[in-house]
């Protein structure tokens, strides 16, 4: 089984690329999904977050107040570091279990869709890394449109991540997502053929869904 790490800057279209891999037959594990799982009400990770950030980080019913926490960490670098120290090990352990289960099920290719793959040190959990590349201005406009942010807030979120140039320098493969969806899909198809020749999956021209 080959585990392929998939990452890129926020607003790069990485989720669309992940869905393209899925349509080709890859098993996709989403770090964002794992991150949501580890902070369910009553979980040890959520308890640690509450101890660090106080009662304001919880909604009335005991769930994580994501809006409050996002505002906090994007304006306070130390808060982000503290949150990462709490959540990254828990996400890594859950990912390890998922990979083990997929290996047991004889999966051929697993794509680990992880926005903070390098920042979290999760590149050590994968066999190779694909970085989705997009021009900064395109990334900025997509992020503003997707999340309803003004330019300053969008740039703040972009700046909170590792610079794209650094990610590209550490990549094994690059998907250029500056063009059309069809051009991006063609790159994914070519990479799949290179990594797992002969792998049979659903129609590679099936529509990918944005995320």
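Positions of Cβ are set from backbone N, Cα and C atoms, glycine also.
What Swiss-Prot records for 3-206 is domain 'DPCK'.
Taken from Swiss-Prot, the feature ATP binding site covers 11, 12, 13, 14, 15, 16, and the record attributes it to sequence analysis. In this structure, residue 15 (ATP binding site) is part of a helix by DSSP.
The number of other CB atoms found within 10 A of the CB of residue 14 (ATP binding site), across every protein chain shown, is 24.
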